[in-house]
């Protein structure tokens, strides 16, 4: 019997793939409508994404087969959804990020910032969090975590070694982590009488170093997820939102662009990052903030151990190469062009020099990203000149370009590109089949629920769901439903779509929730309970922070206090019954 169960478990993926379509067949057979056919496809893909019986990208290809066979959409229209402008932005942004990573510019930035901030316990945590969050705004969260974690562990190893030297009486002291001085100290009782307290045993000090190690590890993986929400290209769910909005509401006048997203999400990221720092500091360093910030005698000596590690690694990088300088310039140029293309609060270069008949920019953020990445394929990685080919003496050879196709091909996550396309195809299929309208009609009772309460509940639901499902799959499944709900109750669609997109990045509780968590967990020193305890409250803090942002500074950015004309699905209902009672924040 045991062998039978083991065999079933071993072949579970095959069984799920074979049985799920058959198990769900009654839905399209009994209810023979396009809405039911589309619902069958979405439910099937959702379950396959949740179980990961097939690779996520493979499941994302299902609409190409199912939609034409079920009469929902023509194959040619389905395929167009797999390479939209948002996908181009994803490719262009990642190519620039790959160049930054390839030339080690991200490591230079990280070590430089850590040298400035210092290595006192609380500041060391803050330094790693700031650097990780900043880098994950531009390059992948996974690559950022994989780069920052070894640096963190090198610092921790030096600290641990230095602490042993202190205990053995050597002259290489480390800073203290809320522990007593190695010498005896006096503590006053309630009656004012002073008594002598001996130093803590070595086991206690080792335990506190272990807790600091856990805190630093979680700081890195959490800040990688938090930092990704700040920019449109920082993490894939943000791009899913932009693509879904442009697909479901084609007349939206590019309301979600790099500048508008940054104005909304960057302050949210900063607040959440600082609150996460305070929470992790209390959890792993304690509440003695004076000790956490390293105020006391001999601090300059105690911090040298960790500082030297960072300084040595920074020195090993050497001076900035020609390639690093070029990548830095092009990266800054990319960000400036993104911000000034169509900012909204003043005329940008896109809607001034390249405007269409409606006065809107014909150039997109994807155009800018591709333009900068193409330049990287043209500029050589060394100052132009001829060098000898080491493999063929006597033959001259030009230096390689800043970016080569081999580098891009090796590091580009093509599976995410397909996953994005699958999500857009699902959203378009829901619209074409009438499933979105049907869902919207069923959700009209929510009009009587305060919008802020709706957002809070939905954000919590998404934050829970994303703990066990890919954040891309989560946003892909939820956003079309939320858009339909908003149309049905005459609420600004972005008022529910924006917070739920950010909530999809709040995967803090489980190692399997997101790649940064898995990387940190694989390094050892952490239990699932450690991550769950730290992540549970952080999830709640994140949802509350998102709720604050959507009800405050995001309202003027996206005009969330009105129902936009581009979102009308049932014009007569929204015109006859103005949504005065559903104004965000009221």
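A Cβ is built for glycine as well, from the same backbone N, Cα and C atoms used for every other residue.
Please treat TrEMBL annotations as automatic predictions, because they have not gone through curation.
Per TrEMBL, the stretch carrying the note transmembrane segment among 180-199, 300-319, 360-379 is 360-379. Looking at 145-167, 536-558, the range annotated in TrEMBL as transmembrane segment turns out to be 536-558. In TrEMBL, the annotation transmembrane segment applies to 86-103, one of the ranges 68-85, 86-103. Pairs of Cβ atoms less than 8 Å apart link the transmembrane segment (449-465) most often to 536-558, out of 255-280, 360-379, 412-429, 536-558. Here the transmembrane segment (536-558) has long-range neighbours at 222, 226, 255, 260, 263-265, 267-268, 271-272, 275-276, 279, 452, 455-456, 459-460, 463-464, 492, 494-495, 498-499, 502-503, 506, 508-509, 584-585, meaning same-chain residues at least 6 beyond its ends whose C-beta is under 8 angstroms from one of its own.
Between the transmembrane segment (86-103) and the listed ranges 43-66, 110-131, 255-280, 412-429, the one holding the most Cβ pairs under 8 Å is 412-429.
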